[in-house]
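Asker: My structure is below; once you've seen it, I'll send some questions.
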């Protein structure tokens, strides 16, 4: 039992560190973890869930705004990008945030192809993060089910 | 003089300040549901009561500044601090700040602005309009702790001066701008209505209470 817990904990540590190293997460995610405790054990998962819902909504807005036959209202696209940039920043979704920065520039430049490319990338990226975090949360569950505690992972 | 001694006896150091220190009630305004969730948690974990609203308009409604009786008329729901995002559709955080500072009832409530953009002119504009502080997003626990300390310290000084002036009955000496409610000598009244601004009040208390 202990050997299993130890193994799972090591897996969890390595996985979490890799998410930071690969740029999926930044230190704002670490900040969110600080806000989680026994009284609010699912805080991080809840915030991220809201974030992913936000992604769906905002990407939908962007797609609709870019789909206008005729003139595209780039400021409308930009407004949604700005919101996504904000929420990705607040949860530590580093890659998504980075893409939003580029996306915003294309909006300001009224660059249609650039915007469409960014839209596709941002869609791929948030889904990739969602999968990675799901795997991370699953590891946490397994650790707890095996009778262990989820370790604090020191990124530095 | 005897006045000083009276104060020393009746106002023990820290006594007034810590006995009834209710949790700060913070009104957090942000159009992003993600940010609302985060700021709410940051404030709760810092032992604050929190009410979140999604827009400046809703904030004014809550305070009762839209002409109707707001929820915060109830003593329990009195707001001690407003934290608001800057960029919001409709009423911006800056617009909200102005409306609050224009209100004789609410101008004493400290307002903190949050923004994801580090624009100096924006920061200056907000501070000039009376914002207590400006937080760069993403907001961290250390930011909230710092703000809370700042607000608690200001409130403590408000209470100190209030209690001193009550004991010395300096009502007519102090430049009390006739404001809405009665001569507020209740210590619960954290938004000090008799004094024009907490910053100015600090210097008044320096003049009247050199013993502090």
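Every residue, even glycine, has its Cβ placed from backbone N, Cα and C.
Copying in the features that TrEMBL gives for the protein in this structure:
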type	residues	note
DOMAIN	B:25-152	domain 'Response regulatory'
MOD_RES	B:85	4-aspartylphosphate
REGION	B:157-212	region 'Disordered'
COMPBIAS	B:176-185	compositional bias 'Low complexity'
Asker: List the helix, strand and coil residue totals of the domain 'Response regulatory' (B:25-152) as derived from DSSP.
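Answerer: The domain 'Response regulatory' (B:25-152) comes out at 58 helix, 24 strand, 46 coil.
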Asker: Taking the Cβ of residue B:85 (4-aspartylphosphate) as the centre, how many other Cβ atoms fall within a 10 Å radius?
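Answerer: There are 27 such Cβ atoms around residue B:85 (4-aspartylphosphate).
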Asker: Could you tell me the mean pLDDT the prediction assigns to the domain 'Response regulatory' (B:25-152)?
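Answerer: The predicted confidence over the domain 'Response regulatory' (B:25-152), as a mean pLDDT, is 92.
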